[in-house]
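A.B. asks: Got these off TrEMBL a minute ago, pasting:
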| type | residues | note |
| --- | --- | --- |
| DISULFID | Cys32-Cys180 | disulfide bond |
| DISULFID | Cys54-Cys58 | disulfide bond |
| SIGNAL | 1-25 | signal peptide |
Amino acid sequence: MLQKTGRGLLALLLIVLEWTRPGLPSPLRPICDLRVLNHFIKEARDAEVAMKSCREGCSLSESVTVPQTTVDLDVWEKKNALEQAQEVQTGLWLLQQALSLLRTSVSNTELHSHIDTSIRNLLSINAVLRSLNIQEYTPPASAVGLEGTWRASSATDLLQVHVNFLRGKVHLLLSNAQACQQDVS
């Protein structure tokens, strides 16, 4: 457990150090290695497994708005990069809001650690998006009326959405990011 946490913290530390390095003459170098995302997906799965085995003090106090995780590749590929980025950033914001509510609802201390890690990883993914020069998008103040969402009423559903969103739309956005495309001229 300590080794897994250490690796996650190391990845986050490297991102933050690169991002905050003083006197940086140029923008962040893009973080194109999908192993970073795969690590976040693994930690999200760990949280989901821990939630499934939780018997007490692990319920969601109210239903939450979460992003749709299904991806129609034809529709996705017809969207421009800005639309794709906005969809992912909105989904990350929704997940962060939902996980924060889950954190306050859950009394199981083992789950607190998993939820905290998941929230930190979502913030790290936003830092990765910034490193890829993906235009920052500020979602609306309320999730009411957002397209491409649904309501999750259980903690297990929420954590499953978290895993699937990272595996689907976030992976697609990062793997096709303009800053990561190799020039083969």
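Each residue, glycine too, has its Cβ placed from N, Cα and C.
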A.B. asks: What is the one among the disulfide-bonded residues Cys32, Cys54, Cys58, Cys180 whose Cβ has the most other Cβ atoms less than or equal to 10 Å away?
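C.D. replies: Compared across Cys32, Cys54, Cys58, Cys180, the most Cβ atoms within 10 Å surround Cys58.
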A.B. asks: Taking just the CA atoms, what is the gap between Cys180 (disulfide bond) and Cys58 (disulfide bond) in Å?
C.D. replies: 39
A.B. asks: At the Cα level, what's the spacing in Å between Cys54 (disulfide bond) and Cys32 (disulfide bond), rounded?
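C.D. replies: Each residue's Cα considered, Cys54 (disulfide bond) and Cys32 (disulfide bond) end up 35 Å apart.
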A.B. asks: Determine, to the nearest whole angstrom, how far the Cα atom of Cys32 (disulfide bond) is from the Cα atom of Cys58 (disulfide bond).
C.D. replies: 35
